[in-house]
Structures are given as C-alpha cells and as structure tokens.
C-alpha cells in the first residue's frame with residue numbers, strides 16, 4: 001500500500017506510529033529513508049555474524065520486522081531467537097503477519113526503555129533512538145552495553161544532526177527533499193511530514209553518538225554506512 005499519510009496536514013499531536021502509518025510503513029521508509037534496503041541488509045549481515053549460538057537478537061523498535069526477517073536469512077544453521085520489541089500494537093500486528101510460520105520469532109509489546117534484553121548477543125535499533133526523549137538515551141545505551149557479552153554487537157541507524165555551517169546544512173536539507181521528490185512525494189507531503197516530526201524526531205550528532213557509546217561501556221564504535229545526514233553505526237563489546 002502506498003504512503004499517502006501526509007497528503008493533508010496531520011491532526012494536532014504530531015507524528016504517531018498508529019494503524020494509518022503501520023499500513024503503509026514499508027513503503028514510507030523505502031521512499032523516505034535513503035538507502036533503507038541497503039541499510040537493512042548491512043545491519044542484518046553484521047547482526048547475523050555476531051549472533052551467538054543459543055542467544056537472542058533483539059530489534060528495539062522493530063516496526064514490521066523487515067530487519068529481523070533479513071537477519072534470519074543470514075543466520076545459516078545458528079540456533080538464535082529473534083525478538084522484536086515495539087510500543088505500537090499496529091506495527092506488531094504487521095510484523096506477526098510477515099513472520100507467520102517462522103518459529104524463531106518472538107514479539108514483545110514494549111518500548112526500548114522497558115525491554116529487558118535477556119540472553120542478548122546482538123541489539124538492533126534502526127531509526128528508533130531518535131524518537132526517544134534525549135535525556136533517556138544514555139541510560140538505554142548503557143543498558144544495551146551491559147546486556148551484551150564479549151563479542152556482542154549493537155547495530156543502529158539514525159538521522160544525524162550535522163555540525164555543518166547553516167548554509168551547508170540547508171543544502172543537506174534541500175538534497176534530502178529532492179530525494180523524496182524523486183521518490184514521488186509532493187512538496188506539500190514533505191512539508192506536512194516535516195511539521196508532524198517537529199519535536200518528535202530529535203537527532204543527535206556523530207560526535208554525541210561516539211561519546212555516548214564510549215561512556216555506555218562499549219569497547220569501540222564505527223560508522224558503517226552514510227548518506228548525507230543518515231547513518232548506520234555499530235558498537236561492540
């Protein structure tokens with residue numbers, strides 16, 4: 001189903017991961033997040049390699065389970081449980097339909113702050129941290145780091161706040177708008193979605209991520225994919 005959520009301005013309250021969004025989410029992210037299929041595959045390859053026998057791979061903010069399904073393709077003979085956590089029941093309904101018949105999938109109705117991360121060897125967060133209140137992000141990163149064993153991996157993707165001068169940062173925004181126009185979004189849809197995401201999606205910089213990951217207890221971190229102000233990163237124990 002094609003994303004037409006922002007043909008009209010949204011109701012008061014801003015962006016929500018409700019049924020209207022869940023119904024078109026796969027189309028929405030593919031058309032509005034640069035390199036989304038590639039990012040999903042990259043995350044999955046690293047996650048599958050790092051996943052330890054008999055452990056769990058958690059996806060916090062799993063939405064419709066696209067990333068976990070990709071991880072499952074690369075696990076080979078490993079016995080690994082794939083656990084999707086999301087606070088949106090509408091998203092989880094879609095995830096359960098997409099993974100029907102696959103016995104190593106489990107879904108939990110909870111947000112990243114609530115997830116216990118038991119027996120985790122890999123944690124994934126694709127475009128999720130940016131929606132969590134900023135003052136709660138360090139605690140989540142520390143929880144993830146403390147839950148992972150030696151060799152464990154945290155893979156995540158985010159929209160990034162640039163450190164560029166205003167004129168160059170404005171060009172980044174223009175290029176991103178052109179990307180969405182190329183994928184069929186009207187100027188009015190782009191403007192309506194930007195308005196809906198104000199004070200809902202709050203990005204951090206690469207500098208912040210590197211510092212926060214180190215303080216959380218990870219041994220190291222790296223950027224593994226990047227398109228302007230969208231990045232896929234990983235941190236390891």
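The count begins at 1 with the first shown residue.
Including glycine, each Cβ sits where the backbone N, Cα and C put it.
In TrEMBL, annotation is done automatically, which means it is predicted and not curated.
Positions annotated as S-adenosyl-L-methionine binding site by TrEMBL: 36, 61, 62, 63, 126, 194. The annotation domain 'Methyltransferase' is assigned in TrEMBL to 57-152.
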Where the record names 36, 61, 62, 63, 126, 194 as binding S-adenosyl-L-methionine, the maximum Cα to Cα distance in Å: 22
Secondary structure tally of the domain 'Methyltransferase' (57-152) (DSSP, helix then strand then coil): 36 helix, 22 strand, 38 coil
PLDDT averaged over the residues of the domain 'Methyltransferase' (57-152): 98
Spatial neighbours of residue 61 (S-adenosyl-L-methionine binding site) that are distant in sequence (at least 6 apart) but have CB under 8 A: 85, 86, 111, 112, 125, 126, 127, 128, 131
Site of maximum Cβ density within 10 Å, from binding-site residues 63, 126: 63
Binding-site residues: 36, 62, 194 - member with fewest neighbouring CB atoms within 10 Å: 194
